[in-house]
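What TrEMBL annotates here:
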| type | residues | note |
| --- | --- | --- |
| DOMAIN | 308-570 | domain 'SAM-dependent methyltransferase TRM5/TYW2-type' |
| BINDING | Arg398, Asp436, Leu437, Asp464, Gly465, Asn487 | S-adenosyl-L-methionine binding site |
Amino acid sequence: MFMLRPATSQSIPPSPFIQPIFTTPCTALSLRRISVAASLSITLDETLPYGPSLSKGHKPYIQPEPLQQQHHEHSFDENRFTRVFDISALRVSADRCYALESQLRGHLLNWPRIRNISRVHGDEIDPELQKYFNLSDDEPLSLLNRRIYGKAEGDGEKLNPVLYRDKLAKSFNSRGYEKFRNLAKLSRPKRKTKTETKDVGDGKRNGCYLVEEVVDDQSEDDEEDLSRLIGDVEYRVGKWKGSTRLLLLDERYAYKLFDELPEAIKACLKGSPFELVRCKLTLFYSYWQMNEVLEALLPKHMIVPSSFEIVGHIIHLNLRDEHLPYKNLIAKVVLDKNKPKIQTVVNKIDAIQNDFRTMQLEVLAGNHSLVTRVVENGLHFHVDLASVYWSSKLGTERQRLFSFFTRSDVVCDVFAGVGPLAILAAKKVKHVYANDLNPHAIDYLERNCVLNKLERKIEVFNMDGRRFIDAIFRSQSSRPITQVVMNLPKDAAEYLDAFKGIFRDMESREGLILPMIHVYGFSKAEDPEFDFHERIRIALSEVAFEVKMHKVRLVAPGKWMLCASFVLPERVAFSNPISEL
(Lines of atoms letter the chains of each structure in order from A and count residues from 1; the text may use other names and numbers.)
(Lines give C-alpha, C1' and ligand atoms only; values in the text may rest on other atoms or scores of the structure.)
Protein backbone atom coordinates (compact mmCIF):
# COMPACT_ATOMS: atom_id res chain seq x y z
CA MET A 1 0.00 0.00 0.00
CA PHE A 2 1.36 3.35 -1.01
CA MET A 3 1.33 6.34 1.32
CA LEU A 4 0.44 9.52 -0.53
CA ARG A 5 2.87 12.31 0.32
CA PRO A 6 2.69 15.99 -0.60
CA ALA A 7 4.30 17.07 -3.85
CA THR A 8 6.86 19.83 -3.53
CA SER A 9 8.60 22.25 -5.86
CA GLN A 10 11.09 25.06 -6.02
CA SER A 11 10.15 28.36 -4.46
CA ILE A 12 9.91 31.27 -6.92
CA PRO A 13 10.55 34.91 -5.86
CA PRO A 14 7.37 37.05 -5.97
CA SER A 15 6.70 39.04 -9.16
CA PRO A 16 5.66 42.71 -8.84
CA PHE A 17 3.66 42.76 -12.03
CA ILE A 18 1.19 39.89 -11.33
CA GLN A 19 -1.82 40.93 -9.31
CA PRO A 20 -4.02 38.70 -7.09
CA ILE A 21 -7.24 37.49 -8.71
CA PHE A 22 -10.62 36.09 -7.81
CA THR A 23 -12.10 32.74 -8.77
CA THR A 24 -14.81 31.54 -11.11
CA PRO A 25 -16.82 28.31 -11.21
CA CYS A 26 -15.58 25.27 -13.09
CA THR A 27 -17.14 22.29 -14.82
CA ALA A 28 -18.27 19.65 -12.32
CA LEU A 29 -15.78 16.84 -11.73
CA SER A 30 -16.47 13.50 -10.24
CA LEU A 31 -14.63 12.74 -7.04
CA ARG A 32 -14.45 9.10 -7.95
CA ARG A 33 -12.92 9.85 -11.35
CA ILE A 34 -10.25 12.14 -9.97
CA SER A 35 -9.29 9.91 -7.04
CA VAL A 36 -7.17 7.61 -9.21
CA ALA A 37 -5.75 10.49 -11.28
CA ALA A 38 -4.95 12.40 -8.11
CA SER A 39 -3.00 9.49 -6.69
CA LEU A 40 -0.98 9.35 -9.88
CA SER A 41 -0.36 13.12 -9.91
CA ILE A 42 1.20 13.14 -6.45
CA THR A 43 4.84 12.29 -6.73
CA LEU A 44 6.49 9.91 -4.31
CA ASP A 45 9.83 11.68 -4.76
CA GLU A 46 10.50 13.85 -1.74
CA THR A 47 13.62 15.34 -3.28
CA LEU A 48 11.60 18.00 -5.13
CA PRO A 49 11.68 21.30 -3.25
CA TYR A 50 8.55 22.96 -1.90
CA GLY A 51 6.28 25.09 -4.07
CA PRO A 52 4.82 25.04 -7.58
CA SER A 53 6.87 23.62 -10.42
CA LEU A 54 6.40 22.59 -14.04
CA SER A 55 7.66 19.16 -13.00
CA LYS A 56 4.74 18.71 -10.59
CA GLY A 57 0.98 18.65 -10.83
CA HIS A 58 -0.70 17.25 -13.91
CA LYS A 59 -1.60 18.63 -17.30
CA PRO A 60 -5.26 19.26 -18.11
CA TYR A 61 -6.86 17.34 -20.94
CA ILE A 62 -6.63 19.33 -24.16
CA GLN A 63 -8.41 18.37 -27.36
CA PRO A 64 -5.72 17.16 -29.82
CA GLU A 65 -5.21 19.30 -32.91
CA PRO A 66 -5.81 17.97 -36.41
CA LEU A 67 -2.69 16.55 -38.03
CA GLN A 68 -2.42 19.38 -40.53
CA GLN A 69 -2.54 21.99 -37.73
CA GLN A 70 -0.04 20.39 -35.37
CA HIS A 71 2.90 22.58 -34.42
CA HIS A 72 6.48 22.15 -35.46
CA GLU A 73 8.93 20.69 -32.94
CA HIS A 74 10.29 24.16 -32.13
CA SER A 75 6.90 25.91 -32.19
CA PHE A 76 5.41 27.44 -29.09
CA ASP A 77 2.16 26.42 -27.40
CA GLU A 78 1.24 28.19 -24.17
CA ASN A 79 -1.08 25.33 -23.15
CA ARG A 80 1.98 23.16 -22.60
CA PHE A 81 2.71 25.19 -19.47
CA THR A 82 -0.69 24.76 -17.80
CA ARG A 83 -0.48 22.70 -14.62
CA VAL A 84 -3.29 21.53 -12.32
CA PHE A 85 -2.76 20.98 -8.59
CA ASP A 86 -5.28 19.33 -6.27
CA ILE A 87 -5.50 21.11 -2.93
CA SER A 88 -7.88 21.49 0.01
CA ALA A 89 -9.44 24.67 1.35
CA LEU A 90 -11.44 25.88 4.33
CA ARG A 91 -14.63 27.78 3.58
CA VAL A 92 -15.10 30.41 6.30
CA SER A 93 -17.16 33.54 6.79
CA ALA A 94 -15.85 36.58 4.96
CA ASP A 95 -15.66 38.67 8.11
CA ARG A 96 -13.42 36.07 9.79
CA CYS A 97 -11.15 35.11 6.89
CA TYR A 98 -8.42 37.74 7.40
CA ALA A 99 -8.09 36.96 11.11
CA LEU A 100 -7.91 33.24 10.37
CA GLU A 101 -5.35 33.84 7.63
CA SER A 102 -3.03 35.42 10.17
CA GLN A 103 -3.57 32.59 12.67
CA LEU A 104 -3.12 29.81 10.09
CA ARG A 105 -0.24 31.40 8.19
CA GLY A 106 2.08 28.42 8.56
CA HIS A 107 -0.57 25.98 7.36
CA LEU A 108 -1.77 27.87 4.28
CA LEU A 109 -0.56 27.49 0.71
CA ASN A 110 1.84 30.46 0.75
CA TRP A 111 2.85 29.88 -2.86
CA PRO A 112 4.46 32.77 -4.73
CA ARG A 113 2.03 35.08 -6.50
CA ILE A 114 -1.04 33.21 -5.18
CA ARG A 115 -3.23 34.67 -2.46
CA ASN A 116 -4.18 32.44 0.45
CA ILE A 117 -7.70 33.89 0.37
CA SER A 118 -9.78 33.05 -2.68
CA ARG A 119 -13.36 33.39 -3.84
CA VAL A 120 -15.65 31.10 -5.79
CA HIS A 121 -18.91 31.63 -7.61
CA GLY A 122 -21.89 32.45 -5.41
CA ASP A 123 -19.99 33.24 -2.22
CA GLU A 124 -20.69 36.99 -2.34
CA ILE A 125 -23.80 38.50 -0.79
CA ASP A 126 -25.09 41.96 -1.65
CA PRO A 127 -24.19 44.24 1.29
CA GLU A 128 -27.72 45.68 1.13
CA LEU A 129 -29.13 42.21 1.82
CA GLN A 130 -26.49 41.16 4.36
CA LYS A 131 -28.51 42.36 7.34
CA TYR A 132 -31.43 40.13 6.42
CA PHE A 133 -29.28 37.05 6.87
CA ASN A 134 -28.61 38.06 10.45
CA LEU A 135 -32.30 37.90 11.38
CA SER A 136 -33.31 35.34 13.97
CA ASP A 137 -35.39 32.39 12.80
CA ASP A 138 -38.56 33.59 14.54
CA GLU A 139 -38.30 37.20 13.32
CA PRO A 140 -40.78 38.00 10.52
CA LEU A 141 -39.37 38.75 7.11
CA SER A 142 -41.51 41.81 6.64
CA LEU A 143 -38.47 44.01 6.04
CA LEU A 144 -37.27 41.73 3.26
CA ASN A 145 -40.75 41.55 1.72
CA ARG A 146 -41.03 45.33 1.69
CA ARG A 147 -37.66 45.55 -0.05
CA ILE A 148 -38.63 42.99 -2.69
CA TYR A 149 -42.09 44.42 -3.44
CA GLY A 150 -41.17 48.07 -3.00
CA LYS A 151 -43.46 48.60 -0.02
CA ALA A 152 -40.98 50.71 1.86
CA GLU A 153 -42.94 53.93 2.16
CA GLY A 154 -43.82 55.02 5.65
CA ASP A 155 -41.63 52.62 7.61
CA GLY A 156 -38.34 54.48 7.35
CA GLU A 157 -36.78 52.19 4.74
CA LYS A 158 -35.14 53.70 1.66
CA LEU A 159 -36.09 52.48 -1.77
CA ASN A 160 -33.44 50.52 -3.59
CA PRO A 161 -31.83 52.36 -6.58
CA VAL A 162 -33.99 50.58 -9.20
CA LEU A 163 -37.31 51.35 -7.51
CA TYR A 164 -36.16 54.90 -6.70
CA ARG A 165 -35.37 55.47 -10.38
CA ASP A 166 -38.80 54.16 -11.38
CA LYS A 167 -40.40 56.50 -8.92
CA LEU A 168 -38.55 59.50 -10.36
CA ALA A 169 -39.47 58.46 -13.88
CA LYS A 170 -43.18 58.47 -12.98
CA SER A 171 -42.85 62.07 -11.75
CA PHE A 172 -42.32 63.42 -15.30
CA ASN A 173 -44.27 66.60 -16.00
CA SER A 174 -44.02 69.77 -18.07
CA ARG A 175 -40.88 70.78 -16.16
CA GLY A 176 -39.14 67.53 -17.00
CA TYR A 177 -37.97 64.88 -14.58
CA GLU A 178 -38.00 65.76 -10.92
CA LYS A 179 -34.45 65.87 -9.53
CA PHE A 180 -33.08 65.12 -12.96
CA ARG A 181 -29.47 65.22 -11.71
CA ASN A 182 -30.06 62.29 -9.37
CA LEU A 183 -31.89 60.41 -12.11
CA ALA A 184 -28.94 60.84 -14.46
CA LYS A 185 -26.57 59.62 -11.76
CA LEU A 186 -28.65 56.51 -11.18
CA SER A 187 -28.88 55.81 -14.90
CA ARG A 188 -25.15 56.13 -15.47
CA PRO A 189 -23.24 52.81 -15.18
CA LYS A 190 -20.52 52.52 -12.59
CA ARG A 191 -16.94 53.12 -13.65
CA LYS A 192 -14.67 50.15 -13.31
CA THR A 193 -11.77 50.67 -10.94
CA LYS A 194 -8.21 49.68 -11.75
CA THR A 195 -8.38 46.72 -9.38
CA GLU A 196 -11.37 45.16 -11.13
CA THR A 197 -10.62 42.32 -13.51
CA LYS A 198 -12.35 41.07 -16.62
CA ASP A 199 -13.48 37.53 -17.21
CA VAL A 200 -11.74 35.81 -20.07
CA GLY A 201 -13.81 33.49 -22.20
CA ASP A 202 -12.21 30.32 -20.81
CA GLY A 203 -12.68 31.34 -17.19
CA LYS A 204 -9.14 32.62 -16.50
CA ARG A 205 -8.61 35.75 -14.45
CA ASN A 206 -5.68 37.86 -15.61
CA GLY A 207 -4.26 34.70 -17.23
CA CYS A 208 -2.32 33.91 -14.07
CA TYR A 209 -4.08 31.21 -12.01
CA LEU A 210 -7.54 29.93 -11.24
CA VAL A 211 -9.02 28.36 -8.12
CA GLU A 212 -12.08 26.17 -8.66
CA GLU A 213 -14.09 24.26 -6.12
CA VAL A 214 -14.51 20.61 -7.08
CA VAL A 215 -18.20 19.69 -6.99
CA ASP A 216 -19.81 16.28 -7.29
CA ASP A 217 -20.98 14.98 -10.65
CA GLN A 218 -22.54 11.76 -9.38
CA SER A 219 -25.62 10.27 -10.95
CA GLU A 220 -28.96 9.99 -9.21
CA ASP A 221 -28.42 6.24 -8.70
CA ASP A 222 -25.41 6.79 -6.46
CA GLU A 223 -26.30 6.00 -2.89
CA GLU A 224 -23.23 7.59 -1.29
CA ASP A 225 -23.61 11.26 -0.45
CA LEU A 226 -20.47 13.14 -1.58
CA SER A 227 -21.94 16.62 -1.29
CA ARG A 228 -19.34 17.68 1.24
CA LEU A 229 -16.52 16.31 -0.94
CA ILE A 230 -14.23 15.62 2.02
CA GLY A 231 -15.57 13.61 4.92
CA ASP A 232 -19.18 13.63 5.98
CA VAL A 233 -21.65 16.39 6.61
CA GLU A 234 -20.24 16.75 10.12
CA TYR A 235 -17.24 18.56 8.63
CA ARG A 236 -19.48 21.45 7.78
CA VAL A 237 -19.77 23.18 11.12
CA GLY A 238 -22.09 26.09 11.67
CA LYS A 239 -24.58 27.93 9.49
CA TRP A 240 -23.60 30.44 6.80
CA LYS A 241 -24.88 33.96 7.27
CA GLY A 242 -23.56 36.04 4.41
CA SER A 243 -20.50 35.97 2.20
CA THR A 244 -17.82 33.29 2.48
CA ARG A 245 -14.20 32.89 1.46
CA LEU A 246 -11.82 30.03 0.83
CA LEU A 247 -8.57 29.70 2.78
CA LEU A 248 -6.24 27.60 0.63
CA LEU A 249 -4.43 25.00 2.72
CA ASP A 250 -0.86 23.85 2.21
CA GLU A 251 -0.34 21.18 -0.45
CA ARG A 252 0.64 18.59 2.16
CA TYR A 253 -2.97 18.62 3.42
CA ALA A 254 -4.48 17.60 0.09
CA TYR A 255 -6.68 14.43 0.26
CA LYS A 256 -6.76 14.56 4.05
CA LEU A 257 -9.87 14.39 6.20
CA PHE A 258 -10.55 16.98 8.84
CA ASP A 259 -9.57 14.56 11.61
CA GLU A 260 -6.13 14.25 10.01
CA LEU A 261 -5.42 18.00 10.07
CA PRO A 262 -3.09 19.43 12.76
CA GLU A 263 -4.60 20.35 16.10
CA ALA A 264 -3.46 23.96 15.57
CA ILE A 265 -5.89 24.29 12.64
CA LYS A 266 -8.75 22.74 14.61
CA ALA A 267 -8.09 25.07 17.55
CA CYS A 268 -8.23 28.18 15.35
CA LEU A 269 -11.53 27.07 13.79
CA LYS A 270 -13.19 26.41 17.12
CA GLY A 271 -16.29 28.56 17.49
CA SER A 272 -16.33 29.63 13.82
CA PRO A 273 -18.44 28.16 11.01
CA PHE A 274 -16.27 26.37 8.45
CA GLU A 275 -16.35 23.72 5.75
CA LEU A 276 -13.52 21.58 4.37
CA VAL A 277 -13.72 21.40 0.57
CA ARG A 278 -11.58 20.11 -2.27
CA CYS A 279 -10.26 22.61 -4.85
CA LYS A 280 -8.42 22.54 -8.13
CA LEU A 281 -5.65 25.10 -8.60
CA THR A 282 -4.70 25.75 -12.23
CA LEU A 283 -1.53 27.66 -13.06
CA PHE A 284 -1.38 29.13 -16.56
CA TYR A 285 1.54 30.14 -18.77
CA SER A 286 1.64 33.70 -17.48
CA TYR A 287 2.17 32.45 -13.90
CA TRP A 288 5.58 30.93 -14.63
CA GLN A 289 8.64 33.13 -14.69
CA MET A 290 10.94 33.48 -17.68
CA ASN A 291 13.70 31.19 -16.42
CA GLU A 292 11.20 28.42 -15.56
CA VAL A 293 9.67 28.45 -19.04
CA LEU A 294 13.07 28.50 -20.73
CA GLU A 295 14.30 25.59 -18.62
CA ALA A 296 11.33 23.55 -19.85
CA LEU A 297 11.79 24.61 -23.48
CA LEU A 298 15.54 24.22 -23.90
CA PRO A 299 17.38 20.87 -23.86
CA LYS A 300 18.66 19.63 -20.55
CA HIS A 301 22.12 20.78 -19.45
CA MET A 302 21.90 23.84 -21.73
CA ILE A 303 22.61 27.12 -19.94
CA VAL A 304 19.47 29.26 -19.79
CA PRO A 305 20.16 32.81 -21.07
CA SER A 306 19.45 35.15 -18.21
CA SER A 307 21.46 38.33 -18.82
CA PHE A 308 20.30 41.00 -21.22
CA GLU A 309 20.36 44.76 -21.58
CA ILE A 310 17.25 46.93 -21.64
CA VAL A 311 17.33 50.05 -23.84
CA GLY A 312 13.98 51.81 -23.71
CA HIS A 313 11.39 49.42 -25.14
CA ILE A 314 14.11 47.09 -26.52
CA ILE A 315 15.75 44.06 -24.89
CA HIS A 316 19.21 43.34 -26.27
CA LEU A 317 20.32 39.68 -26.03
CA ASN A 318 23.78 38.19 -26.52
CA LEU A 319 22.92 34.59 -27.36
CA ARG A 320 25.54 31.86 -27.52
CA ASP A 321 25.94 29.63 -30.54
CA GLU A 322 24.13 26.79 -28.78
CA HIS A 323 21.08 29.04 -28.31
CA LEU A 324 20.75 30.10 -31.95
CA PRO A 325 18.54 27.14 -33.05
CA TYR A 326 16.07 28.21 -30.33
CA LYS A 327 16.46 31.97 -30.69
CA ASN A 328 12.86 32.63 -31.77
CA LEU A 329 11.44 30.62 -28.86
CA ILE A 330 13.74 32.41 -26.42
CA ALA A 331 12.77 35.80 -27.84
CA LYS A 332 9.03 35.06 -27.55
CA VAL A 333 9.35 34.04 -23.90
CA VAL A 334 11.49 37.09 -23.08
CA LEU A 335 8.97 39.35 -24.81
CA ASP A 336 5.94 37.73 -23.11
CA LYS A 337 7.47 37.99 -19.65
CA ASN A 338 8.49 41.64 -19.98
CA LYS A 339 5.42 43.18 -21.63
CA PRO A 340 4.13 45.87 -21.84
CA LYS A 341 7.33 47.80 -21.13
CA ILE A 342 9.31 45.77 -23.66
CA GLN A 343 8.09 45.72 -27.26
CA THR A 344 11.15 44.47 -29.19
CA VAL A 345 13.73 41.71 -28.66
CA VAL A 346 17.02 41.84 -30.61
CA ASN A 347 20.20 39.79 -30.70
CA LYS A 348 23.72 40.93 -31.58
CA ILE A 349 24.89 38.85 -34.53
CA ASP A 350 28.42 40.24 -34.89
CA ALA A 351 31.04 42.05 -32.82
CA ILE A 352 31.53 45.82 -33.11
CA GLN A 353 34.04 46.26 -35.92
CA ASN A 354 33.34 49.69 -37.45
CA ASP A 355 34.55 53.16 -36.51
CA PHE A 356 31.06 54.28 -35.47
CA ARG A 357 30.76 51.49 -32.84
CA THR A 358 27.33 50.46 -34.16
CA MET A 359 26.12 46.90 -33.50
CA GLN A 360 24.76 44.44 -36.06
CA LEU A 361 21.37 43.53 -34.57
CA GLU A 362 18.72 41.00 -35.60
CA VAL A 363 15.10 41.57 -34.54
CA LEU A 364 13.77 38.29 -33.12
CA ALA A 365 10.35 39.28 -31.74
CA GLY A 366 8.01 42.26 -31.44
CA ASN A 367 7.98 45.32 -33.63
CA HIS A 368 10.96 46.21 -35.82
CA SER A 369 11.50 49.72 -34.51
CA LEU A 370 15.00 50.26 -33.10
CA VAL A 371 14.36 53.92 -32.34
CA THR A 372 13.56 54.27 -28.68
CA ARG A 373 13.63 56.71 -25.76
CA VAL A 374 15.79 56.03 -22.73
CA VAL A 375 15.64 57.64 -19.29
CA GLU A 376 18.94 57.69 -17.38
CA ASN A 377 19.87 59.73 -14.32
CA GLY A 378 16.70 61.80 -14.78
CA LEU A 379 17.54 62.70 -18.39
CA HIS A 380 15.81 61.64 -21.61
CA PHE A 381 17.65 60.38 -24.69
CA HIS A 382 16.46 59.44 -28.16
CA VAL A 383 18.48 56.48 -29.45
CA ASP A 384 18.52 54.50 -32.69
CA LEU A 385 20.37 51.24 -32.04
CA ALA A 386 20.71 50.63 -35.77
CA SER A 387 22.92 53.68 -36.32
CA VAL A 388 24.40 54.75 -32.93
CA TYR A 389 26.05 53.14 -29.93
CA TRP A 390 24.40 52.94 -26.52
CA SER A 391 25.15 50.95 -23.35
CA SER A 392 22.82 51.17 -20.38
CA LYS A 393 25.32 49.15 -18.32
CA LEU A 394 27.59 52.21 -18.17
CA GLY A 395 24.97 54.36 -16.45
CA THR A 396 26.55 53.77 -13.02
CA GLU A 397 30.01 54.62 -14.37
CA ARG A 398 28.71 57.86 -15.87
CA GLN A 399 27.22 58.78 -12.51
CA ARG A 400 30.56 58.02 -10.80
CA LEU A 401 32.41 60.29 -13.21
CA PHE A 402 29.78 62.99 -12.79
CA SER A 403 30.42 63.05 -9.04
CA PHE A 404 34.02 64.22 -9.68
CA PHE A 405 32.97 67.27 -11.66
CA THR A 406 32.54 70.71 -10.07
CA ARG A 407 30.57 73.78 -11.08
CA SER A 408 33.73 75.52 -12.29
CA ASP A 409 34.76 72.67 -14.62
CA VAL A 410 34.80 72.82 -18.42
CA VAL A 411 34.38 69.28 -19.80
CA CYS A 412 35.62 67.97 -23.13
CA ASP A 413 33.91 64.70 -24.21
CA VAL A 414 35.98 63.38 -27.14
CA PHE A 415 33.72 60.38 -27.96
CA ALA A 416 30.34 61.65 -26.81
CA GLY A 417 27.96 59.42 -28.79
CA VAL A 418 24.36 60.59 -28.31
CA GLY A 419 25.43 62.53 -25.21
CA PRO A 420 24.70 60.49 -22.06
CA LEU A 421 27.74 61.89 -20.21
CA ALA A 422 27.98 65.28 -21.95
CA ILE A 423 24.35 66.18 -21.20
CA LEU A 424 24.60 64.83 -17.65
CA ALA A 425 27.73 66.92 -17.05
CA ALA A 426 26.03 70.02 -18.48
CA LYS A 427 23.59 69.96 -15.55
CA LYS A 428 26.49 70.71 -13.21
CA VAL A 429 29.58 72.13 -14.94
CA LYS A 430 30.17 75.52 -16.57
CA HIS A 431 30.42 74.34 -20.19
CA VAL A 432 30.74 71.14 -22.26
CA TYR A 433 32.43 70.45 -25.61
CA ALA A 434 31.00 67.25 -27.13
CA ASN A 435 32.37 65.48 -30.20
CA ASP A 436 31.74 62.29 -32.16
CA LEU A 437 32.79 60.96 -35.55
CA ASN A 438 29.39 59.38 -36.28
CA PRO A 439 27.09 61.94 -38.00
CA HIS A 440 23.99 59.98 -36.87
CA ALA A 441 25.17 60.22 -33.26
CA ILE A 442 25.70 63.99 -33.66
CA ASP A 443 22.14 64.32 -34.98
CA TYR A 444 20.74 62.56 -31.89
CA LEU A 445 23.15 64.45 -29.62
CA GLU A 446 21.80 67.80 -30.79
CA ARG A 447 18.24 66.53 -30.48
CA ASN A 448 18.86 65.28 -26.93
CA CYS A 449 20.42 68.61 -25.91
CA VAL A 450 17.21 70.38 -26.90
CA LEU A 451 15.06 67.65 -25.34
CA ASN A 452 16.74 68.21 -21.96
CA LYS A 453 16.91 72.03 -22.39
CA LEU A 454 20.72 72.15 -22.10
CA GLU A 455 21.63 73.21 -25.62
CA ARG A 456 23.07 76.56 -24.40
CA LYS A 457 25.74 74.85 -22.30
CA ILE A 458 26.90 72.33 -24.91
CA GLU A 459 28.86 72.87 -28.13
CA VAL A 460 28.68 69.96 -30.56
CA PHE A 461 31.40 68.87 -33.03
CA ASN A 462 31.59 66.17 -35.71
CA MET A 463 35.33 65.47 -36.11
CA ASP A 464 38.00 62.82 -35.75
CA GLY A 465 39.18 62.49 -32.15
CA ARG A 466 42.78 63.72 -32.73
CA ARG A 467 41.68 66.68 -34.81
CA PHE A 468 39.09 67.61 -32.19
CA ILE A 469 41.61 67.51 -29.32
CA ASP A 470 44.09 69.64 -31.23
CA ALA A 471 41.45 72.15 -32.38
CA ILE A 472 39.64 72.57 -29.07
CA PHE A 473 42.80 73.08 -26.97
CA ARG A 474 44.36 75.54 -29.39
CA SER A 475 41.17 77.61 -29.54
CA GLN A 476 40.45 77.72 -25.80
CA SER A 477 40.88 81.18 -24.32
CA SER A 478 38.05 82.22 -22.06
CA ARG A 479 37.11 78.64 -21.15
CA PRO A 480 40.20 76.58 -20.26
CA ILE A 481 39.33 72.84 -20.30
CA THR A 482 39.70 71.14 -16.93
CA GLN A 483 38.23 67.66 -17.58
CA VAL A 484 38.68 65.39 -20.63
CA VAL A 485 36.69 62.15 -21.07
CA MET A 486 37.79 59.58 -23.67
CA ASN A 487 35.30 56.70 -23.58
CA LEU A 488 36.34 54.58 -26.54
CA PRO A 489 37.71 51.49 -24.77
CA LYS A 490 39.02 49.79 -27.87
CA ASP A 491 41.28 52.63 -29.14
CA ALA A 492 41.14 55.57 -26.68
CA ALA A 493 44.65 54.94 -25.28
CA GLU A 494 46.14 55.31 -28.76
CA TYR A 495 44.57 58.77 -29.09
CA LEU A 496 46.57 60.06 -26.10
CA ASP A 497 49.46 61.02 -28.36
CA ALA A 498 47.30 63.96 -29.51
CA PHE A 499 48.14 65.65 -26.17
CA LYS A 500 51.90 65.74 -26.88
CA GLY A 501 52.95 69.38 -27.13
CA ILE A 502 49.35 70.60 -26.90
CA PHE A 503 50.52 73.76 -25.01
CA ARG A 504 53.95 74.22 -26.63
CA ASP A 505 52.87 77.38 -28.48
CA MET A 506 51.67 79.15 -25.32
CA GLU A 507 53.71 82.28 -24.55
CA SER A 508 53.25 82.07 -20.79
CA ARG A 509 52.59 79.20 -18.40
CA GLU A 510 51.27 81.47 -15.69
CA GLY A 511 47.74 80.50 -14.58
CA LEU A 512 47.76 77.43 -16.83
CA ILE A 513 45.43 74.60 -15.75
CA LEU A 514 46.48 71.14 -16.83
CA PRO A 515 43.37 69.03 -17.52
CA MET A 516 42.38 65.84 -15.74
CA ILE A 517 42.08 63.06 -18.32
CA HIS A 518 39.75 60.05 -17.91
CA VAL A 519 40.58 57.41 -20.54
CA TYR A 520 38.90 54.00 -20.90
CA GLY A 521 40.31 50.73 -22.20
CA PHE A 522 40.03 46.94 -22.28
CA SER A 523 42.55 44.46 -20.95
CA LYS A 524 42.77 40.64 -20.97
CA ALA A 525 46.07 40.49 -19.08
CA GLU A 526 46.51 38.70 -15.75
CA ASP A 527 47.17 42.12 -14.19
CA PRO A 528 44.81 44.36 -16.23
CA GLU A 529 45.61 47.54 -14.29
CA PHE A 530 49.35 47.23 -14.85
CA ASP A 531 48.79 46.35 -18.53
CA PHE A 532 46.59 49.38 -19.20
CA HIS A 533 48.97 51.64 -17.25
CA GLU A 534 51.84 50.55 -19.52
CA ARG A 535 49.81 51.29 -22.66
CA ILE A 536 49.12 54.84 -21.40
CA ARG A 537 52.82 55.46 -20.62
CA ILE A 538 53.85 54.25 -24.06
CA ALA A 539 51.25 56.45 -25.77
CA LEU A 540 52.43 59.56 -23.86
CA SER A 541 56.14 58.62 -23.90
CA GLU A 542 56.20 59.51 -20.22
CA VAL A 543 56.85 57.40 -17.12
CA ALA A 544 56.89 59.65 -14.06
CA PHE A 545 53.24 60.52 -13.41
CA GLU A 546 50.54 59.16 -11.15
CA VAL A 547 47.58 57.23 -12.62
CA LYS A 548 44.48 56.18 -10.66
CA MET A 549 42.90 52.98 -11.97
CA HIS A 550 39.25 51.97 -11.63
CA LYS A 551 37.79 48.65 -12.75
CA VAL A 552 34.48 49.48 -14.43
CA ARG A 553 33.11 46.00 -15.19
CA LEU A 554 33.95 42.56 -16.50
CA VAL A 555 32.73 42.63 -20.12
CA ALA A 556 33.68 38.99 -20.86
CA PRO A 557 35.46 36.15 -19.05
CA GLY A 558 38.96 37.47 -18.34
CA LYS A 559 38.32 40.80 -20.09
CA TRP A 560 38.08 43.97 -17.97
CA MET A 561 36.97 47.46 -18.85
CA LEU A 562 39.05 50.03 -16.93
CA CYS A 563 39.11 53.78 -16.42
CA ALA A 564 42.47 55.53 -15.89
CA SER A 565 42.40 59.06 -14.44
CA PHE A 566 45.46 61.31 -14.34
CA VAL A 567 46.50 64.92 -14.70
CA LEU A 568 48.15 65.58 -18.05
CA PRO A 569 51.93 65.66 -17.32
CA GLU A 570 53.49 69.07 -17.93
CA ARG A 571 56.41 67.58 -19.86
CA VAL A 572 53.93 65.95 -22.25
CA ALA A 573 51.85 69.12 -22.69
CA PHE A 574 54.92 71.27 -23.56
CA SER A 575 56.96 68.66 -25.43
CA ASN A 576 58.02 69.13 -29.04
CA PRO A 577 56.99 66.01 -31.00
CA ILE A 578 59.26 66.96 -33.92
CA SER A 579 62.39 67.02 -31.75
CA GLU A 580 61.56 63.58 -30.34
CA LEU A 581 61.74 61.99 -33.78
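Any Cβ shown, glycine's included, is placed from N, Cα and C.
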What is the pLDDT of the domain 'SAM-dependent methyltransferase TRM5/TYW2-type' (308-570) when averaged and given as a whole number?
91
Rounded to a whole number, what is the top Cα to Cα distance in Å among the residues the record ties to S-adenosyl-L-methionine, namely Arg398, Asp436, Leu437, Asp464, Gly465, Asn487?
22
With the cut-off set at 10 Å between Cβ atoms, which of these binding-site residues ends up with the most neighbours? Options: Asp436, Asp464.
Asp436
Leu437 (S-adenosyl-L-methionine binding site), Cβ-centred 10 Å count of other Cβ atoms over all protein chains shown, is 19
So what sits near Asn487 (S-adenosyl-L-methionine binding site) in its own chain, CB-to-CB under 8 Å and at least six residues off in sequence?
Leu394, Asp413, Phe415, Leu421, His518, Tyr520
Please give me the CB contact count at 10 A for Arg398 (S-adenosyl-L-methionine binding site), counting all chains in the structure.
18
